[in-house]
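**Student:** Could you have a look at this structure, given as structure tokens, before my questions?
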Amino acid sequence: MSGQDKASQRVLCAMSGGVDSSVTAALLKDAGYQVIGAMMRFWPDDKRVDTFDTCCSPDAAYEARRVAEQVGVPFYLLDYREQFQHHIVGPFLSEYAQGRTPNPCVNCNTKVKFDELVKKAKMLGCRYVATGHYVKRVEREDGSVEFHRGDDPRKDQTYFLWGTPREALPFILFPVGELEKPRVREIAAEKGLLTARKPESQNICFVPGKVQDFVAEHLPQRQGLIREIRTGEVVGEHLGTQFYTLGQKKGLGLYQTHRVRHVVHLDPETNTVWVGDYEDCLWTGLKAEGANYLLDLAELPREVEVQVRYRTKPVRATVLHADEHGFELQFEEPQFAVAPGQSAVLYAGTRLLGGGLIADHARNLPVVPADQAAQPVPVSG
């Protein structure tokens, strides 16, 4: 696209007050686009502002506005408090109450950022939405757009974007997707941006400390039993299944601690935490629901790579079944503690194909109700 063409293209740049979105705005401005900076307000009036992490706080909004002034672009603070509470905070707590382990950042990108922001961009007459995600946008000769892993493998964020509506792909830009993080900071320093040395946010933005503390504040305790998955034996007590996640081995509240046990299964209906050995946490496959695909379903390859948690390497898998609602796949090698509620994200090489929410599994060891667990359960395979 020529400079003259870019000058006629308006871009809504999502700004968080961090270095990545700051450099994104600066690069777009340098490239000749008409840039509008915007930050989404998530913090409610009835909450202390320090309960929000640096990427979503009033201080971050102030810094984003100052960066917009440095870059020379207009800046708007957009009110999305209601949507954030409805689509993100509420479901986050609901998932924990149902024994699942949610990833709110995936939900936020899907239902707030790349849904609401694209709508707002169209209202403002913008051709594109841009963010500071480390994702590569690849445009093919036929005009179709693909999302690929960012060039910095340590910062790649495609895992969080599997839910992006396919029709929105052509309207999203990722200017830092082809850069490594140190270079992004260099650019910020060269331009004198005040966020050049700002540390990265590490927490869930609306959880000020530990997730368990946040969950405890909002969900009531329910005392229950911890049982051994193979025998049904009671080996401890707990204060609620919402305080546990699959694979967990510390802080379980077991009567005896000489043997290492992991959380194998959570059953909120009976208020039971099931524990077992490491091998009991191995999954041979998974079922995912709420699927979204960034290509025609007929083009989804049978052999894929799947990533089941952020910052882990993808593993090879075979797609056994896929439709518009979800998919089922088998791992090439069993995987440890695949957690329902997390995302199963599909790739072909560096290309993001789509994903879904992990709903169920195909472990070697079945979960046995307490009234059927008087005898050890034989392990198949």
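Keep in mind that glycine also has a Cβ here, set from the backbone N, Cα and C atoms.
Feature list, courtesy of Swiss-Prot:
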type	residues	note
BINDING	Ala14, Met15, Ser16, Gly17, Gly18, Val19, Asp20, Ser21, Met40, Gly132	ATP binding site
DISULFID	Cys108-Cys205	disulfide bond
ACT_SITE	Cys108	active site, nucleophile
SITE	His133	site 'Interaction with tRNA'
ACT_SITE	Cys205	active site, cysteine persulfide intermediate
SITE	Gln342	site 'Interaction with tRNA'
**Student:** Can you grab the distance from Asp20 (ATP binding site) over to His133 (site 'Interaction with tRNA')? Cα atoms, rounded to a whole Å.
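**Tutor:** Taking the Cα atoms only, Asp20 (ATP binding site) lies 7 Å from His133 (site 'Interaction with tRNA').
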**Student:** Provide the number of Cβ atoms within 10 Å of the Cβ of His133 (site 'Interaction with tRNA'), excluding the reference atom itself.
**Tutor:** 28
**Student:** Whole-number Å only: compute the distance from the Cα of Met40 (ATP binding site) to the Cα of Cys205 (disulfide bond).
**Tutor:** 12
**Student:** For Cys205 (disulfide bond) and Ser16 (ATP binding site), what Cα-Cα distance in Å is obtained after rounding to a whole number?
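**Tutor:** Here the two Cα atoms lie 11 Å apart.
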**Student:** Going by Cα-Cα distance, pick out whichever of the recorded positions Ala14, Ser16, Gly18, Cys108, His133 is nearest to Gln342 (site 'Interaction with tRNA').
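**Tutor:** Closest candidate to Gln342 (site 'Interaction with tRNA'), judged by Cα separation, is Cys108.
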**Student:** Compute all pairwise C-alpha distances among Ala14, Met15, Ser16, Gly17, Gly18, Val19, Asp20, Ser21, Met40, Gly132, the residues listed as binding ATP, and give the largest one in whole angstrom.
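**Tutor:** Max Cα-Cα spread across the ATP binders: 16 Å.
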**Student:** Could you list the residues of the same chain, at least six apart in sequence, whose Cβ is under 8 A from the Cβ of Ala14 (ATP binding site)?
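**Tutor:** Non-local contacts for Ala14 (ATP binding site): Ser21, Ala38, Met39, Met40, Lys113, Leu117, Val129, Ala130, Thr131, Gly132.
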**Student:** What kind of secondary structure is Cys108 (disulfide bond) part of, going by DSSP in three states?
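**Tutor:** DSSP call for Cys108 (disulfide bond): helix.
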**Student:** Which whole-number value in Å describes the distance between the Cα atoms of Gly18 (ATP binding site) and Cys108 (disulfide bond)?
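**Tutor:** Between the Cα atoms of Gly18 (ATP binding site) and Cys108 (disulfide bond), the distance comes to 17 Å.
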**Student:** Give the three-state DSSP assignment (helix, strand or coil) for Asp20 (ATP binding site).
**Tutor:** helix
**Student:** Kindly assign Ala14 (ATP binding site) to one of the three DSSP-derived states: helix, strand or coil.
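**Tutor:** Ala14 (ATP binding site) sits in a strand per DSSP.
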**Student:** Once near-sequence residues are set aside, which residues in the chain of Cys108 (disulfide bond), 6 or more away, have Cβ atoms under 8 Å from its Cβ?
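**Tutor:** Once residues fewer than 6 apart are set aside, Cys108 (disulfide bond) is near Phe84, His87, Ile88.
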**Student:** What does DSSP assign Met40 (ATP binding site), in three states?
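**Tutor:** Assignment for Met40 (ATP binding site) reads strand.
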**Student:** Give me the CA-CA distance between His133 (site 'Interaction with tRNA') and Ser16 (ATP binding site), in Å, as a whole number.
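**Tutor:** Counting only the Cα atoms, the answer is 11 Å.
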